[in-house]
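I have placed the structure first, in the form of C-alpha cells, so that the comments after it can refer back to it.
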Amino acid sequence: MTTCAFQLMFGRLYTFFSVKIIFLISILIFEVGSAVCGAAPSSTALIVGRAIAGVGSAGIYAGAVIVTVYCIPLEKRTPYQAVVAAIFGVTSVLGPLLGGAFTDSSATWRWCFYINLPIGAVAAALLAFLLQVPDRATARLPLKEKLLRLDGPGCVMLLGGIISLLTALRWGGTKYPWSNGRIIALFVVTGVCLIAFVVIQILFPNHATVPPHIFTQRSIAASSFSMFCTGATMMTTLYYLPIWFQAIKGVSAVQSGIRLLPTVVAQVVASFVSAGGVQTIGQYMPFMLVGNAIMCVGTGLLTLLKVHTSSGEWIGYQIPYGFGLGITLQIPLIASQTVLPLEDVPTGTSVLIFCQLLGGAIFVSVGQNLFTNELVKRISVIPGVDVFNLQQEGATRILDGLSESTKRLVLVAYNASLRQAFLCGLILSCIGYLGAVCMEWRSIKQKKPKEETPVTESTKTKETIGEPVAENANTNGNSIS
C-alpha cells in the first residue's frame, strides 16, 4: 500500500535532490521497516513496520531504474535495465521461497525480515563508495524552490486517496460488506482526495507531482495505461496461481513457489532478448506489440487450467505468459526515457511504476471478490460442505474431513472459481494491448543531448532524448488533445 502511495513522491525527490542520497535514504528506511517487522511484539507493530518498509521500497524500486538513466547513455542502457528486470523477476519467487523456508525452520518468520538487514547494509555500502551520479541542473536549484516543487498539498491528497482506495478494496466484501458505512466513507474520501489532487496538478503545473505536460505526452499516457493493465494482470496471476497449486495439486506453499519458475525463467530470458533487440535495431515498438500479444496468449492459456491438468501443460502455459510479461514490463520504461526530456525522466518513471503497482493492488482485490463470489455460488449446491468454513481454511486444507466423492466436487468448484481470477487477468492483458498500440514509434539512437540548464518555464524545452522515426513527426502529435 505505501509502496504504491509514495511512488510519485519519490519521482519528485529524485528529480530535485541527489539521486545517490535519496537512493541511500530509501534503503535506510527499508532497513528500519524490516527491523521493526522482525522485532515486532504484536500485529500492530508488524503492520507499522511493513508500512515503513513499503515507503523505502518505493524509493528503491524507482531508484534502481533512475540510476541507470543518469549513469548510462540511452542507446547503451537497455541491457542494464534488463538486469534490473531480471533481478526483480528472480527475487519475486526467491522471496516467498526463503520466507517459507524460514517460517518452517527454527529461525521462525522473523528472519523473513531480518535477512534484509545484512543484504541492505552491503548494498548501501557498495553504493556509497562506488555510485557516481552526474550533477544535474535541477539538483542545483535553491532549497526553497525544491521544496515548492515537491507539491506538498498534492502529495497529501494523493496519499489520502490511494490509501483510502486500497483500504476500501481490501476490506470490501471480506471484512465488511460493500454496503457498510465504512466502505462507502472510504470511497467518498478517495473521490474527494483524488479530485483535489487532479485540480492541484492543473492549477499549479510548475509545482505539480505529475506535471500535465508529462502525463499528457502520448507515449507516457499510453504506457501508463499499459503498465496499469500489465501490473493488474501480473499480480492477479502471480497471486492466484500459487493458490491453484496448493488447493488443486495439494502442494505446500514452498512447492507452489517453485512451480512458478517457468514464469520467472521465461521473464528473465525475455528481458534480455528484448533489451538486446532494442539496442540492436533501435526500435522498441515491435517488441512491445509482439510481447504484449504473447502475454495475452499466455494469460489465455492459464484460464484453461483444470483439476487434472498435467505438469507439462501448466509449465507450457506459464512460458508464453512469462515471456510476454518480461517484455511488456520493460518496454514502457524504455519508451519514457526516449520521449521525455532528461529532467522529466524520474517523474515519468515513477508515474509508470505507480500505475503498475496501483493496477496490481486494485485487481488483486477484484480477483478476490470474483473468486469468492464464484466459490460461494458453486459450493452452496454441494451437500455437506460449509461454505464459511471452506473460505476460512487455507488452500492446502480445503479437502480435510471430506469424503472422496465430495472432494472431487469441491476441487472442481474451487478450480472453476480460481479460473474467474485468471479470466480477469486475460481481459486486462487484452485491454492493455490498446495502450501498446497507441505508443509512439521512436528510436533510442539519439543525438548527443545538449548540456543541461536550470529548469525554468523559459528554459524548459520539449526536445526529447529520442528522435521520431517518421520524417514528418512533430511535437504537436505528442500530446493528447
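Along the chain as shown, residues are numbered 1 onward.
Quick reminder: no glycine exception, Cβ is built from N, Cα and C everywhere.
According to TrEMBL, the feature domain 'Major facilitator superfamily (MFS) profile' maps to 1-444.
Long-range neighbours of the transmembrane segment (21-41) within the same chain, counting only residues 6 or more positions beyond its ends whose Cβ lies under 8 Å from a Cβ of the stretch, are 10, 13-14, 48-60, 63, 67, 110-114, 116-117, 120-121, 123-124, 127-128, 131. Annotation comment: TrEMBL describes 21-41 (among others) as transmembrane segment.
Non-local neighbours of the transmembrane segment (47-70) in the same chain are 1-7, 9-11, 13-14, 19, 22-23, 25-38, 40, 77, 80-81, 84, 113, 116, 131, 133-134, 136, 333, 337, 342, 345-346, 349-350, 353; each lies 6+ residues outside the stretch with a CB under 8 Å from one of its CB atoms. Residues or ranges marked as transmembrane segment by TrEMBL: 47-70 (among others).
Long-range Cβ contacts of the transmembrane segment (82-102) within its own chain (Cβ-Cβ under 8 Å, at least 6 residues beyond either end) map to 64-65, 68, 108-112, 115, 238, 242, 252-254, 257-258, 260-261, 264, 267-268, 271-272, 274-276, 322, 326, 329-330. Annotated transmembrane segment per TrEMBL: 82-102 (among others), in sequence order.
Summarising the annotation, TrEMBL assigns transmembrane segment to 108-131 (among others). Non-local neighbours of the transmembrane segment (108-131) in the same chain are 20, 23-24, 27-28, 30-31, 34-35, 37-39, 49, 53, 67, 71, 98-99, 102; each lies 6+ residues outside the stretch with a CB under 8 Å from one of its CB atoms.
Taken from TrEMBL, the feature transmembrane segment applies to 152-171 (among others). Within the same chain, residues 1-2, 4-6, 8-9, 182-183, 186-187, 189-194, 196-197, 200-201, 204, 207-209, 358, 361-362, 365-366 sit at least 6 positions outside the transmembrane segment (152-171) and bring their C-beta atoms closer than 8 Å to a C-beta of that stretch.
Marked as transmembrane segment by TrEMBL: 183-204 (among others).
Residues annotated as transmembrane segment in TrEMBL: 225-245 (among others). Here the transmembrane segment (225-245) has long-range neighbours at 92, 96, 251, 253, 255-257, 259-260, 263, 288, 292, 295, 299, 302, 305, 318, 321, 325, 328-329, 332, 352-353, 355-364, 366-367, 371, 395, 415, 418, 421-422, 424-426, 428-429, 431-436, 438-439, meaning same-chain residues at least 6 beyond its ends whose C-beta is under 8 angstroms from one of its own.
What TrEMBL records for 257-275 (among others) is transmembrane segment.
TrEMBL lists 287-307 (among others) with the feature transmembrane segment.
Here TrEMBL flags 319-339 (among others) as transmembrane segment.
Only residues 6 or more beyond the boundaries of the transmembrane segment (351-371), in the same chain, are considered here, and those with a CB under 8 A from a CB of the stretch are 1, 3-4, 7-8, 11, 61-62, 65, 162, 165-166, 169-170, 172-174, 210, 214-215, 220, 223-225, 227-236, 239-240, 329, 332-333, 336, 417-418, 420-421, 423-425, 428. Among the features that TrEMBL reports, transmembrane segment is placed at 351-371 (among others).
What TrEMBL lists as transmembrane segment is 420-441 (among others).
The annotation region 'Disordered' is assigned in TrEMBL to 446-481.
If you look up TrEMBL, you'll see 449-465 marked as compositional bias 'Basic and acidic residues'.
Among the features that TrEMBL reports, compositional bias 'Polar residues' is placed at 472-481.
Through the fold, the transmembrane segment (183-204) approaches residues 151, 153-154, 157-158, 160-161, 164-165, 167-168, 171-172, 176-177, 210-212 of its own chain, all at least 6 residues removed from its boundaries and within a Cβ separation under 8 Å.
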